[in-house]
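Features reported for this protein in Swiss-Prot:
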REGION    1-39  region 'Disordered'
MOTIF     7-11  motif 'EAR-like (transcriptional repression)'
COMPBIAS  17-39  compositional bias 'Polar residues'
DOMAIN    80-161  domain 'PB1'
Amino acid sequence: MEEEKRLELRLAPPCHQFTSNNNINGSKQKSSTKETSFLSNNRVEVAPVVGWPPVRSSRRNLTAQLKEEMKKKESDEEKELYVKINMEGVPIGRKVNLSAYNNYQQLSHAVDQLFSKKDSWDLNRQYTLVYEDTEGDKVLVGDVPWEMFVSTVKRLHVLKTSHAFSLSPRKHGKE
């Protein structure tokens, strides 16, 4: 009989010593006043819980802080604008953070250092910087204001000057 009481399934937390006596009819009798006083003396006031499984307020505060930190990281990452850059004749492309530069001169100097060779493309003007915008058009770097360039650039290309000028639209017809 004692073993059956221990194995009885109840809908109460494990800390409660809640026992009931069964009648012959199977109906439950009220527990004694000793048991209820035992329960009320041992009950500890806890903060209200939310959801299932219960989540305490300290956990909720922790998750709220983590969410704020993640949003801050995402906003910092959005400030960094990485763009792929490929040089004609070089099989491996690189990435450049455009937010690290303030104008075209700084960008061209960085690209010059990135693809440095014996003959620098900046000094000899054998190479020209071209960018691909959001519409897929290839435009010479420096044709538009810097802010517009940063907002529309999708990819940078370093092309030979002869190839870069063949990209410009040709006029068909008499003028």
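Indices start at 1 and increase along the chain as displayed.
Any Cβ shown, glycine's included, is placed from N, Cα and C.
When the motif 'EAR-like (transcriptional repression)' (7-11) is classified with DSSP, helix, strand and coil residues number 1 helix, 0 strand, 4 coil. Per-residue pLDDT, averaged over the motif 'EAR-like (transcriptional repression)' (7-11), rounds to 76. According to DSSP, the domain 'PB1' (80-161) comprises 26 helix, 28 strand, 28 coil.
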